[in-house]
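Asks: Quick one: the structure is below, questions incoming.
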Amino acid sequence: MLLLNQAINFFENWVDLKRICNVLLHYFHFSNQPNRHYIIIAVSITALYSIICIVGLLGNILVMYGVVRYTKMKTATNIYIFNLALADALATSTLPFQSAKYLMNTWPFGEFLCKVILAIDYYNMFTSIFTLTMMSVDRYIAVCHPVRALDFRTPAKAKMINVCIWILSSAIGVPIMVMAVTKVTDKGCMLQFPQPDWCWDTVTKICVFIFAFVVPTLVITICYGLMILRLKNVRLLSGSKEKDRNMRRITHMVLVVVAVFIICWTPIHIFIILRTMVQINSTNPYVIASWHLCIALGYMNSSLNPLLYAFLDKNFKRCFSDFCLPFRSKKGPEQLLQSPQLHTRAYHRVSH
């Protein structure tokens, strides 16, 4: 009888203990779910940002090295590519700081770096799309107005246009540096707008969407639409099949770079506009993951560009090969880039 009572008491205690354990497990499973999701997102972002940073920095530095090192690479198109690579290199250099912010769930770098990194983000956004727009206009002039291109499409004028692009981007970058502060309560680096802050925030996002995406994309679309009509109607754009083939190849390369940029940046622009216009549950882990994925896609564009140049442009491919495998190349720096399409000065100015 005593053994039976002990067995019953043990069973009742075991049931109570099991119930308590189930309750605790249930509680911790659901209460820590946001933390678990945040840790997964933070680790994933850090891994992805690390890859983008390494590939983007090395690739864009190689692009700038090639344009600066080789005289044959100093064409109008490549001067614009240098500007794009500079903006991309600056953007990828901020990723270690942003990865640390996600991992630590705080901003430990102070207000100065907060201002600099946010400004670089906006500089990259505007400088990249403005440069790609000018590259599209440049290709339009080369294809549709080859005579006028002799005077317009020079490396010196391309450099002047690049300077103007940075000055124009400063109209956004400088105010960002003034307004950006570290909000300790939110544990992050973000913009603080004047009152009413919701109005300034909405106006800023809409203006960025229009002037950093819609208008440039419209200009690029018009330029390439006119170029496609021209390329379809004219069998030879110049007097030489070789020059004509090279001109079409460069136009195709610029088109691919522009298309990849639009594909990478469209999601984040649409997401920002949706968050501005529609109430979205920002605590939903799927929304958080989608938001960070869209941001990462924009940064990924900065690391994809050098790969596109290497695959689509023979001269960049030769530059990369010369840098990575210098002992395998028996030619000098300038002889390495010698090719039939680079011999004449007139073609050097028009087709590139």
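Yeah, the Cβs are placed from backbone N, Cα and C, and that goes for glycine too.
Whatever TrEMBL says is automated annotation, not expert-curated.
Owing to the predicted nature of the structure, the values given are computational and were not obtained by experimental measurement.
So TrEMBL has the following annotated:
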type	residues	note
DOMAIN	59-309	domain 'G-protein coupled receptors family 1 profile'
TRANSMEM	38-68	transmembrane segment
TRANSMEM	80-100	transmembrane segment
TRANSMEM	163-182	transmembrane segment
TRANSMEM	202-229	transmembrane segment
TRANSMEM	250-274	transmembrane segment
TRANSMEM	286-312	transmembrane segment
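Each of the listed features needs to be described in terms of its position in the shown structure.
Replies: Note on the transmembrane segment (202-229): residues 122, 125-126, 129-130, 132-133, 136-137, 139-140, 143-144, 172, 191, 193, 251, 255, 258, 262, 265-266, 269, 272-273, 276 of its chain, located 6 or more positions outside it, place their CB under 8 angstroms from a CB of the stretch.
Sequence-remote contacts of a segment are chain residues at least 6 beyond its ends whose Cβ falls under 8 Å from one of its Cβ atoms, and for the transmembrane segment (286-312) they are 37-38, 41, 45, 48-49, 51-53, 55-56, 58-60, 62-63, 81, 84-85, 87-89, 91-92, 95, 124-125, 128, 249, 252-253, 256-257, 260-261, 264-265, 267-268, 271, 280, 320.
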Asks: Restricting to the same chain and to residues at least six past its boundaries, which positions have a Cβ under 8 Å from a Cβ of the transmembrane segment (163-182)?
Replies: 83, 107, 110-111, 114-116, 118-120, 122-123, 126-127, 130-131, 134, 188-194, 208
Asks: Short question: which residues 6 or more past the ends of the transmembrane segment (80-100) have a Cβ under 8 Å from it?
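Replies: Long-range Cβ neighbours of the transmembrane segment (80-100): 45-46, 49-50, 52-53, 56-57, 60-61, 63-64, 67-68, 108-109, 113, 117, 120-121, 123-124, 127-128, 131-132, 134-135, 138, 158, 161-162, 165, 257, 299, 301-303, 305-306, 309.
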